[in-house]
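Working notes, beginning with the structure itself.
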Amino acid sequence: MKVVCIGAGYVGSVTGTALAANGHQTTVVDIDPDKIDRLNRGESPIYEPGMDTLVPELIGKSLFATSSYDPVADAEVVFIAVGTPSGADGSADLRYIKATAEQIGKRLSSDHFTVIAMKSTVPVGTAELVTTLLAETSGLTAETHFTVVSNPEFLREGYALEDVFFPDRIVIGSVHPQGLQQMRQLYQSFISREGYERLTPHFTFTYDLNAPRANYFETDTKSAELIKYASNAFLAVKISYINELARLCEVIGGNVQDIAAGMGLDSRIGHKFLQVSSGWSGSCFPKDTSEILSTSEKYGSELMVVKAAVESNERMHMYVVEKLIRRLKSLNGKRIGILGLSFKPNTDDARKTQASFIIDKLLERGALVQVHDPQGMGMFRALNPDLPIEYCHDPIQTGRLADAVVLLTHWQEYREIDWQKLASLMRQPYVLDTRNFLNPNEIQKAKIHYEGMGVSEHLLSPDGVIGQ
């Protein structure tokens, strides 16, 4: 099929590349010339495992990139994958959605039926809004010449290609027979999981290739739009809950790692998203919880659980700062090393991360901050150009004259740090591990005081492992 993906960010570039890999003639459109130039040079515009080898194989064959919207005229399916940032009141800002709809409408053809698929995370009712805008701009008749469907994305940055090729679910919101038929045709190879063998040179699968086929779920547009928000809000609640338990464990002497392991054995709960942290962050959870709360307030049906999760999460960010104050007494003039700026490992996405909040609070209290991230420093610096911090190209350097080193993002390479060398650089050898990710025994052997989250020091096992 002929497909256009508008937006070359995390969602659009990955979706477009995956569709091209499965044989669809796919054009990625973006107004950012740098992203388009990179794609046409065979480079990925984002850091995402597998993209760096898959894009050069496909570009110019089944994958194309341009800043022009003209390919929309021939497309059978047009994906909208542009940003929907939060406005001042917490609601989603739809300016990019509206601008994109106008450009699509100018190019829609009456010669064939076109499906416009909404990949962007948008408020309930956006499909109806876009339908109206397209009809007004194109002069064509909705549901006769085109239809708008909701097709929310469920990609995990760092595992996005895997999530496209082996999705748990594909959700389509539409009641239009031809629209549903074209989307089924588009996704057939993803549903059946055909052809994954040709992808193995590009990345290592963590997915069980013998698992059942993806669930293909059809519903109305409003339900599909809300499924995305409801899913992310639920996961945010789960993370906030385990972090609250971590704080309780530090008071009563329990071990949050064991508690999470024991809870996860219940099939109704499961193990995922029960990992303690400094709080959830990034470009999705804060934005999506804010929007679903804004929607609930707009319609007078308050989501009290989600609201509490947001407040608890803000408390968890601050809790990390408070732990440092308890240890160091005062942060004024203290040098703090930060390991991890991206909101999670295996991505360079440093938008709205826990690191930015915590660093701001440290600076407010007079601390000197030096940071490292394997992939996220470029974006973090671009987003925070005036932040008075030092960027270190080696994680060891975050310990130089430091009074504390704090792990925020659990990059695998941080487990390989030479703790003896780091200790020799520190003024006060102290490591705060907000993910309970590092090996306490190795750190303590280097005569560094180790502190995790949600576990008393006397509960550390002899081999340095915290719980299960």
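A Cβ is built for glycine as well, from the same backbone N, Cα and C atoms used for every other residue.
The annotation signal peptide is assigned in TrEMBL to 1-20.
The NAD(+) binding site annotation in TrEMBL covers Asp30, Lys35, Thr84, Thr121, Glu157, Lys287, Arg351. A 10 Å cutoff on Cβ-Cβ distances gives Lys287 (NAD(+) binding site) a total of 22 other Cβ atoms nearby, all chains included.
Feature annotation from TrEMBL assigns substrate binding site to Phe154, Leu155, Arg156, Glu157, Lys228, Phe273, Leu274, Gln275, Val276, Ser277, Lys344. Neighbour density for Lys344 (substrate binding site): within 10 A of its CB lie 20 other CB atoms from the protein chains shown. When secondary structure is read from DSSP and collapsed to three states, Lys344 (substrate binding site) falls in the coil class.
Look at Cys284 (active site, nucleophile): DSSP puts it in coil. Summarising the annotation, TrEMBL assigns active site, nucleophile to Cys284.
Per TrEMBL, domain 'UDP-glucose/GDP-mannose dehydrogenase C-terminal' is recorded for 337-440.
Relative to Lys287 (NAD(+) binding site), the binding-site residues Phe154, Arg156, Lys344 all have Cα atoms farther than 10 Å away. The separation of Cys284 (active site, nucleophile) from Arg156 (substrate binding site), Cα to Cα, is 10 Å. Of all the binding-site residues given, namely Arg156, Arg351, the one with the smallest number of surrounding CB atoms inside 10 A is Arg156. The average pLDDT for the domain 'UDP-glucose/GDP-mannose dehydrogenase C-terminal' (337-440) in the predicted structure is 96.
Here the C-alpha separation of Lys228 (substrate binding site) and Thr121 (NAD(+) binding site) works out to 7 Å. For Glu157 (NAD(+) binding site), the spatially nearest entry among the recorded positions Val276, Cys284, Lys344 is Lys344, judged by CA separation. The Cβ neighbour count for Thr84 (NAD(+) binding site), using a 10 Å radius over every protein chain in view, is 21. In this structure the C-alpha atoms belonging to Leu274 (substrate binding site) and Cys284 (active site, nucleophile) are separated by 18 Å.
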